[in-house]
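A.B. asks: Below you'll find the structure I mean.
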Amino acid sequence: MSDAHPLIQVKNLDLYFGSFHALKDVSVDFHAGELVGLVGDNGAGKTTLIRVLCGIHKPSKGEVYFDGELVTEFHPKLAIDQGIETIQQSVGLCDNLSIARNFYLGREPMKKIVGIPFLDFKQMRSMSTKVIRAFGLRDNVSADDEVERLSGGERQSVKIGRAVEFKNRVVIMDEPTNHLSVREREHVNELAVQLKEQGLLVIYITHDIFQVHKLADRVVIMENGEKIEDASTDSMTAEQLEEVIRQGGRLVEKMGS
Amino acid sequence: MADAAFKPLVRKHSEIGIFLIAILLIVFFAATSEGRWNNSYNISTILQITATLGLMTLGVALVVGTGEIDISVGSTFGMSALIYLFLAVRVDPFIAATAAVCVGALIGAFNGYLVTKTGTPSLIITLGSLMIFRGLAIALTSGFAFSIPYKERGGFSYFILGGDNMFNFGTFAGVNTGFLWLIFALVVLTVVLKLMPYGNHLLAVGGSSESAHSRGIRVDRVKLKAFIICGALAGLGGVLEAGKLGSADGSMGRLMELQAIASCVLGGCLLAGGRISLIGALMGAFVLSSIQSYLVVMAVRPQWFMVLLGIIVVFAALGDKKLRHWAHKH
């Protein structure tokens, strides 16, 4: 796991929202072919950190290297073009658009007719239908239906299916198993491991240290905007890591008071 | 049941309401005006008014689709009309028209740039440009009208720029050439909206700009483009109106922005963004033009124009809402 250079390297990252210090001097490396669990309580800064990695937030201070190169411009478009796919919790789908249109939003397949680029509906439909069937969406849901019609779990399935389907180098999953049934949960976790085995970097965000300990090669724990632990799952048990989270919470409380 | 078949149709096509309203009104107007409304000359006039208001409405609908609004289009319409008239007697009318449409696009770019760069609500920004460009129009004309002398209004350029009617045979007065531009714009924009990537991005931005952004859509650029198209279309509308009338003063297009927005709402466009119907918005423009013309031919005093128009708009909107509510009930 300690090959030449990490795929994503975060160095001394700080992020402020106004006067709120959301990320404090965070440094962390992520390698290709690795499944990293990013764990912490609500407000620990997990989602904020990955929103930097996927280009939504620009850091206030510090550096991010992707594949050895310093990232100078932050925009989701650039991240997606580099092969960083993110399954976000609250954003990512437009309710007013069909599943097929959401699936390809921002990277629409095109068919040129007399030089003018038109959407390739055939491909959009067939690919997104394949994915929604693979993820067991209701039989009466079609790729032309608006996302508004879907349940929470189905929405999540569309996002995950989309992330898996494109050729990526990094897949970031923010609480991917929320809203999912037990069976769907297992499916998602299997997918995460499969992606890793294909050589991708998978960053898996969750509250549940026991769940992610089973999947991950390494666990990074965040608390109050800081990284407080970064350990391989071979070196620490889930119980030990859980203790770190508890201690970390207490430490921060003490520091704050 | 007919109910069961009709419901999904209404759910899927938000513009059905305005078509029903249009049919009801046409029947009512025809039945009560003793032929003063439903004669070929009047219908032809309605189509001409629909053409210029419709072009403006299409542009506003696109901006509404992104979740923004442009209330400056009436002033843009006036500015472009004046620029066209000013230039048409000096250079070829086609060049004049191009310049006027470009000015419309520039006003749109001005709006779009300010909205996307400063994050100020588009209602405020375009309220400002509504006043700026109306003021400029009045100042530039200093109370007089710009016009093209009647004897100069010949030739193909004038004809195609709203100067005359076509398809006039028998007693039918024909269709103003401005209507062709409207149909052309409707077809092009419908194709762009439904079949091209830009349309997908535009509706995505209106539906959830955060989600669109997270998928790599350049939200600002999508909005800026919509504002530019909107300005250009309002400008084209102004040119065609000026081409039809041959003259205009600083008040040209005043309050038309309200009609354009009302047309969008009546036509099933959601002001919150993400759901628009271009054909519905045009039908809205047609309904408003029809109502106006009905009030004229029935010799309703002009003071009551706005009042009645407003009341009818409110009732039509309520009816439309009821219909949609019904359609979404299980």
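Heads up, the Cβ atoms here are built off N, Cα and C, so glycines get one too.
In TrEMBL, annotation is done automatically, which means it is predicted and not curated.
The transmembrane segment annotation in TrEMBL covers B:16-33, B:45-64, B:71-89, B:95-116, B:123-146, B:166-193, B:252-271, B:303-319.
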A.B. asks: Before we move on, state whether the transmembrane segment (B:123-146) and the transmembrane segment (B:71-89) share at least 3 Cβ pairs under 8 Å, counting only pairs 6 or more apart in sequence.
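C.D. replies: Yes, the transmembrane segment (B:123-146) and the transmembrane segment (B:71-89) are in contact.
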A.B. asks: Going along the chain, which residues at least six beyond the ends of the transmembrane segment (B:16-33) come within the CB cut-off of under 8 Å?
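C.D. replies: Tertiary neighbours of the transmembrane segment (B:16-33) are 9-10, 266-268, 280, 283-284, 286-287, 290-291, 294, 297-298, 316, 319-320, 323-324.
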A.B. asks: Among the recorded stretches B:45-64, B:95-116, B:252-271, which has the greatest number of Cβ pairs closer than 8 Å to the transmembrane segment (B:71-89)?
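C.D. replies: By the under-8 Å Cβ criterion, the transmembrane segment (B:71-89) pairs most with B:95-116.
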A.B. asks: With Cβ-Cβ distances below 8 Å as the criterion, list the same-chain residues six or more beyond the ends of the transmembrane segment (B:252-271) that contact it, or say none.
C.D. replies: 13-18, 21, 53-54, 56-57, 59-61, 64-65, 69-78, 81-82, 130, 134, 137, 234, 237-238, 241-242, 277, 279-285, 287-288, 313, 316-317, 320
